[in-house]
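Q: So TrEMBL lists the following for this protein:
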{"type": "DOMAIN", "residues": "A:15-177", "note": "domain 'FeoB-type G'"}
{"type": "TRANSMEM", "residues": "A:286-310", "note": "transmembrane segment"}
{"type": "TRANSMEM", "residues": "A:322-341", "note": "transmembrane segment"}
{"type": "TRANSMEM", "residues": "A:353-377", "note": "transmembrane segment"}
{"type": "TRANSMEM", "residues": "A:459-481", "note": "transmembrane segment"}
{"type": "TRANSMEM", "residues": "A:501-521", "note": "transmembrane segment"}
{"type": "TRANSMEM", "residues": "A:542-564", "note": "transmembrane segment"}
{"type": "TRANSMEM", "residues": "A:570-587", "note": "transmembrane segment"}
{"type": "TRANSMEM", "residues": "A:629-652", "note": "transmembrane segment"}
{"type": "TRANSMEM", "residues": "A:706-727", "note": "transmembrane segment"}
{"type": "TRANSMEM", "residues": "A:734-757", "note": "transmembrane segment"}
Amino acid sequence: MHEVKSKEIDPKVLDYRIALVGNPNVGKSVLFGLFTGKYVTVSNYPGTTVEVTRGMYSGSNDTIEVVDTPGSNSLISHSEDERVARDILLRDEEKRVIQIIDSKNIHRGLLITTQLAEMGLPVSIGLNMWDETLDRGMSIDSDKLQKILGVTLTKTIATQKYGIGALRNSINSVKIPKISIDYGRVIEEGIKEIETLLPENTTVRKRALAVMLLSYDEDLEETLEIDEQTLGQIHSIRDGVQKEYGHPLSYVIAKKRSDYVGKLLKGIVSYREHEEKAGAVLRNSFFLFFMPLFTFFVGYKVIDLLMFMFAGHMDTSGQVAWILRLAGGCVSVGIYSYYLFSREYGSGRKVTNILGTLTMHPVLAWPMLLVVLWCIYKIVGQFGAGDCVDFVESKIFGSSIEKSGGFDFKAFIPFTNIEYVFTHVNFQGINYYIGLFCQKFMSTDNFFFELFMGEEAGLIQVGVTYSIAIILPIVGFFFISFGLMEDSGYLPRLAVMLNRFFKIIGLNGKAVLPMVLGLGCDTMATMTTRILDTKKERVISTLLLALAVPCSAQLGVIAGILGSVSGTHLAIYFFVIFSQMLLVGYLSSKIIKGSSSDFLMEMPPFRRPKIGNILMKTYYRTKWFLREAVPLFVLGTFILFIITKLGILTYIQRAAEPVVKHFLGLPVETTQGFILGFLRRDYAVVSIFKALEKDAGSLEIDPNQLIVSLVVVTLFVPCLANFFVMIKERGSKTAFLMLAFILPFSFLVGGIVRYALQLLSI
Amino acid sequence: MADETQIEEMLEYIWILEENDGKAVSSCIGDKFGEDIANTYITEMVEKQLINLSDREIAFTKAGKKRAEMIIRRHRIAERLLNDVLEMRGEEFERGACQFEHFVNEEIVASICTLLGHPEVCPHGNKIPQGECCLSAKKNLEPVISPLSLIKAGKKVKVVYISTKSHASLDRLTGIGVIPGLELTIHQKFPSMILQYGETQLALDNDIAKNVYVRIIQS
């Protein structure tokens, strides 16, 4: 989720650097974008910036560099991102700091200011999200605070570009904040002793380093490269000081800091009694119109989905079914309205706050979650992966040999069956025209024609076409819906809802980000496992992504195929995959060494997402994705081309025959699908489906065979791109170990499912 | 005062016998402490008017009952403290509780009892005799301290102390502003616990919440 790569910049020409520092989710990345004109992914989800982003200050003629640091609650490092942020402050020379504070959480922000002051860094502070502070009836006497701190405070609303000019100007008047904390005699003596042991040429004040060392910051010991002997002395000083306190020193120090800030803020922050009420029209339409409409839909859809699972056992289009659906909707409206009117209507809270509470309500949030997932599936799996992919693949790209036949521009008139055709576009597909051009020089059975335009594994016909025609719509639509979840603040609420489940598999709620992202693309999701706190969690989530999370390309095709066969079988499929995820997660959390971290996450407020931001984000993410993925797909196709040309495929098929045919009970031709799975997960599904269709001949495909093969191909190895990323992120040893586990495991589960279905005679 | 300790042990045992069997027979005391010692001390206790002996059956006098009650209370409160807060187990736990009952005074027991929230049963499930502090707590609804994880949703509480063994989660809590003295509201407990303080909403695990000890300030 970090598109802008850091460039090496010759430090000589720089006047100075500006480091953007602040707590998570306070708007650093937005300001970075405004300062540099560069775009960084911005979201309403803490911990999105994992890597450091650097850029040139716009208008500075490349003499001022801006560094965006990961958000951290303390400059004493507890996690990788906090360490990254801190190390930037320790390392880079000639720097000025712009600290961004979420003004409604000013106390927490000033804790960092005290640490910056201790380091002796020149600071200017931006009090961001000023609008939300006002909304909450909170007022901050910034003039008084400015006098006390001795640094410039600027009120900003970064998303509306309010106060940005003033903040830019303030960079010329940065000062070290006038803060000095007395930690008490014993600690102060410890600090003095440690100061004498530290190397001479540190870029920040030694006092700050000494305080960090007393706070058990072991990463710092690495960063400072202190020799063994000195380290021993420092440790013994620390242990000596620790003896005087009942609590860990880190805690004592943090407490002193917090008390200091608390005293500082007395008389500066005040609250009005009530928060401002939202406009009556909006409020009433929310309560009386939107929520009833939405909740009716929720109830209706939940019943509809339930019936889909039992489609084989009841008439889902009969009168009874319709009455059930409508009743479901009405009951749902009743329940939600009861909650809203008894608890919220009179409370005067803002609509977004009410939604924020409702989306993590112990009971009412679950049906909403179900419907949100269903909507995402509709948009990504059906519209994106189905309709759009079909259209782009067959009409825009087409085939190199056959004409695509063109397409119509048409519009449906709602609620009727009439469609109005504007015009017919006589476009036969990009590949057809390239093919036509090539045929001027060579025949279609020429080696090079097959290499590039071949139907089997041509680099352009298959490689490029597939990566663009299939990925572009799916990934695009997925990023749009993901962006909506992210920016509204729904994603962290999902973490709250699913924390208990993730606990079972050795992760915690924080893992919701990579896991949900995995439903879009496992390759990308594997990269974001970095946001997890411990190595163990990163390994488990990487394994589960590779094993059990189907990406949207695959999910779309699978749901399409199985859904048309029967809802019961789709339910069985999901049950099997889900239980494997639980099982493997549970076991690996027991086997893999290391510690899991506890779930502790700040809930950002629910916000109305900005469409511009989401589209922008989607554009950059998709662009980044294509750049990473297209070469891999072309490479994969090339490997496939060689395999088919040399006839290796037949050998593999023959070798796999005992397993595929006798253990799984599938036709041998499906082997090709499994091998293709390594290249493209969804392509594998299609290829298997075709093989089964061919095998069945005029008969209908056996749904049990279908389930078995789909279970295997879902659990089966991740695609090539994902595997490369696994190697890059986790190291080749871990990646190959995972592969060695996943391969036999997927076939084993497939076999078990086959016999289980036979036993249960489903 | 080795004698006093022995007397206390015996009173304690008599209490337990009465609690379990409904009556205490002097031969049981003999079995536990040895015939000679039992006889000596039973005579002494009768002299001190702590117990009455009639036909080998032992009954507390009013003073004796009161004294035994205090000892039992100290012992069981100690058990709660060692078990719940200090998390001692096994031999260490048994020995600790036995030593404890002989040297703490009533005042200390009262504050421990308050700290623990006036527990009613010991870890073994036996009833803890109530002290004055428990009775006044019932009348005055005196604030009690208990882990955050045990408090119902909707209550407003104040953090009293945080006792976590892992540095990392302690540091993260303090980093995000959860320190003693902080007043917060428990927004909800399921599917995850959500705390609200100031303008911050914080989601956290039960594993962390049970290490944060709070006092209810408003229900």
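Any Cβ shown, glycine's included, is placed from N, Cα and C.
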Q: Select the range from A:322-341, A:542-564, A:570-587 that forms the most Cβ-Cβ pairs under 8 Å with the transmembrane segment (A:459-481).
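A: When the Cβ pairs under 8 Å are tallied, A:542-564 comes out ahead.
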Q: Using a cut-off of under 8 Å between C-beta atoms, tell me which stretch among A:353-377, A:501-521, A:629-652 contacts the transmembrane segment (A:286-310) the most.
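A: Maximum Cβ contact count belongs to A:353-377.
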Q: Which listed stretch (A:542-564, A:570-587, A:706-727, A:734-757) has the most C-beta pairs under 8 A with the transmembrane segment (A:629-652)?
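A: Selected stretch: A:706-727, with the most Cβ pairs under 8 Å.
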Q: The domain 'FeoB-type G' (A:15-177): mean pLDDT?
A: 84
Q: Which of A:501-521, A:570-587, A:706-727 shares the most C-beta pairs under 8 angstroms with the transmembrane segment (A:542-564)?
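A: Answer, by Cβ pair count: A:706-727.
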